[in-house]
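Peer 1: In case it's useful when we look at the structure, here is the feature table from Swiss-Prot:
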DOMAIN    102-224  domain 'MPN'
MOTIF     173-186  motif 'JAMM motif'
BINDING   His173, His175, Asp186  Zn(2+) binding site
Amino acid sequence: MNIREWPAEERPREKLLQRGAGSLTDTELLAVFLGSGVRGCNVVELSRGLLVKFGSLRRLLEADREAFVGELGLGPVRYSQLQALLEIGRRHLATSIERESAMDSPAAVRRYLKAMLRHEASEVFGCLFLDTKHRPLAFEILFRGTIDRASVYPREVVRRALVHNAAALILCHNHPSGISEPSQDDVHLTLSLKRGLALIDVRVLDHIIIGDGEPLSMVEHGWIVV
């Protein structure tokens, strides 16, 4: 059945306008984003099939370009639109958190960093630079690729801390494998950066690892001491 023939309260777009986006299912949200179906398949049926194919809304959103554009009803235009929407969401979250008076909630920090890194397909390393009151100054992704002592240069982290006049910072990187537990390289790298930054009186408050599930704090798990 064509969606135009559905009762108004059951159409995803009208439902969103009447009740808000939070009232929609994953299928309905995806249907609103896609806007239209394909021949012989309305947009809700298409959305439902895509979620079954990818396994979840999250996996669809995190799919690489090749997997995404290869599906019926998707393509490079919608892939570009989706990437733009995801980046808008990340920037909105970043701006919202950066307006806070201080980032004194570990949970808020983890939510922020997860939003910044969770959609990265490869391993990336970043820093959240903070002032003397632990208010955010800036967030930067500094390195991409395999994150170890050979690929992350302490002098570059020190240089960026000086550029931002940071008093403290929080290190972060993602594990695309989904496993959050740090490797020995992660621990050694953190200690090396901690020593280097101490020379310019910049404190390393934590190193957050983003995988599947909840982000991991190396401080809370005892891998580093501040």
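Glycine is no exception: its Cβ is also placed from the backbone N, Cα and C atoms.
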Peer 1: Grab the same-chain neighbours of the motif 'JAMM motif' (173-186) for me: Cβ-Cβ under 8 Å, and only residues 6 or more beyond its ends, written as numbers and ranges.
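Peer 2: Same-chain contacts beyond the flanks: 117-118, 120-126, 147-149, 207, 209-216, 218, 223.
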Peer 1: What average pLDDT is reported by the model for the motif 'JAMM motif' (173-186)?
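Peer 2: Taking every residue of the motif 'JAMM motif' (173-186) together, the mean pLDDT is 87.
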Peer 1: Counting by DSSP secondary structure, give me helix, strand and coil numbers for the domain 'MPN' (102-224).
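Peer 2: Counting residues per DSSP class in the domain 'MPN' (102-224), I get 37 helix, 33 strand, 53 coil.
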Peer 1: List every residue in the same chain as His175 (Zn(2+) binding site), at least 6 positions away in sequence, whose Cβ is under 8 Å from its Cβ.
Peer 2: Glu123, Ile209, Ile210, Gly211
Peer 1: Relative to the Cβ position of Asp186 (Zn(2+) binding site), how many further Cβ atoms are located within 10 Å?
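Peer 2: There are 22 of them.
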